[in-house]
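Student: Below: one structure in structure tokens.
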């Protein structure tokens, strides 16, 4: 049953994601005011990695068979027709791109929190935050590269998967996740840890932003209410598609109980954010919303002045 649903859902989400992300990238590049330069860089980074995430989900369509020891990766996507190491490499690209997407949500929330406090972070602080996030991504990506070299590229392993997949038609076995191997363990700690830490941190920052705005004037709160709505939807959206499915998958891993829904949807549910996020950005970032309204002929195409805002990093949200 799940395969029938996913045979329609996966390509549909991929096509929608491709369309919305391309439109958003064009809008960001062509219609971002100068005072949105920082947000522009963050959003473009997020768009590129979400495009990568969406492509990898579609081409791999992985079932994480985590009640087996070691965990097996089965691919139902187009890449199952290629050698297993290619699909296994795509799996690690998928993990890294999903990681970057989640961390950009945290970075955006953090920058907006600083702006709500009327604090412009020093270059040293900005560099530290970006370096910290980059180091997490690089460590995870490095572990992925090591795992491909160790667990997928050796000739005897490639021949083993070739023989296994000769007897399979609907899917291919593309690799394993073995937490007894150090790079896999490190990667697991990073990814599973951030699935919990990032949403909690973002929710706490959102709460602080709300307090700061509530304590300010009514005019200031009204001016930034649209921004707050968009921020709330994005944070809760990521929390809902990541946290429950990962908790279910972790329980399955520990108890060795087969939860088929979690196995099939652990990468599909986060895939939905690649469609939802560009829609939220287009609507809740004021300059992009104005441009969208012009395209939909709901507003005249004329130059709009950018109103001052407490959010220096993302003015007039």
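Glycine is no exception: its Cβ is also placed from the backbone N, Cα and C atoms.
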Student: Of the ranges 130-150, 151-171, 214-234, which one does Swiss-Prot list as transmembrane segment?
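Tutor: That would be 130-150, per the transmembrane segment entry in Swiss-Prot.
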Student: Rank 90-110, 130-150, 185-205, 264-284 by Cβ pairs under 8 Å to the transmembrane segment (5-25) and hand me the top one.
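Tutor: It is 264-284, which has the most Cβ pairs under 8 Å.
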Student: Sequence-remote contacts (6 or more beyond its ends) of the transmembrane segment (90-110), Cβ cut-off under 8 Å?
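Tutor: Contacts with the transmembrane segment (90-110): 39, 42-43, 45-46, 49-50, 52-53, 56-57, 59-60, 62, 73, 79, 129-130, 133, 136-137, 140-141, 144-145, 147-148, 174-175, 187, 190-191, 194-195, 198, 201-202, 205-206, 209, 231, 234-235, 238, 242, 267, 270, 273-274, 277, 314.
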